[in-house]
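Feature annotations, courtesy of Swiss-Prot:
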BINDING   Leu76, Gly108, Phe127, Ser128, Lys129, Met130, Thr131, Phe132  S-adenosyl-L-methionine binding site
Amino acid sequence: MNISIISVGKIKEKFLKAAIDEYSKRLSKYCKLNIIEVPDEKTPDNASLKEENIIKEKEGTLILKHIKDNSFVIALDLKGKSIASEEFSDLIENCRLTGNSTIAFVIGGSLGLSEQVLSRANYRLSFSKMTFPHQLFRVMLLEQVYRAFRILCREPYHK
């Protein structure tokens with residue numbers, strides 16, 4: 001299975017890079033992982049809604065360039081569906097069983113995802129109604145993908 005994580009912005013903090021590297025290493029036994037970073041657009045203080053939408057559209061265009069036609073796209077979205085870890089593992093397994101061996105997870109920048117990206121998504125997923133920094137969220141997503149594979153392989157993992 002091929003999994004891409006397409007994310008807006010670069011990870012600068014060493015502790016987050018270390019966690020990403022650790023989960024990437026752990027996931028290598030279950031899937032081919034590709035992490036793609038697209039540049040984030042600078043958001044001016046007190047940006048208007050129109051300015052925010054333009055920024056999201058620019059970031060969205062960059063994101064869409066990295067999504068393959070055959071990808072099952074899961075957009076991380078505050079308005080998405082919240083599911084348990086077991087349901088998340090079922091979602092990944094259902095992709096595999098229905099011939100979608102390529103999954104692209106998309107993490108937006110500080111303003112979220114553009115309508116173009118949300119329209120391309122096959123599934124909208126929310127981890128919580130809370131807002132998280134998108135850099136930290138990448139680590140959280142990797143952990144849940146790792147947990148999902150452990151569940152699917154019936155391997156022990158802390159609860």
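Glycine is treated like the rest: Cβ placed from N, Cα and C.
Given the structure is predicted, the values throughout are model-derived calculations rather than measurements.
The full span of the recorded S-adenosyl-L-methionine binding residues, Leu76, Gly108, Phe127, Ser128, Lys129, Met130, Thr131, Phe132, taken as their largest Cα to Cα distance, is 15 Å.
Comparing local CB density within 10 A for the binding-site residues Leu76, Met130, the maximum falls on Leu76. Of all the Cβ atoms in the protein chains shown, 15 others lie within 10 Å of the Cβ of Phe132 (S-adenosyl-L-methionine binding site). Counting only same-chain residues six or more apart in sequence, the Cβ atoms lying under 8 angstroms from the Cβ of Lys129 (S-adenosyl-L-methionine binding site) belong to Leu78, Ser82.
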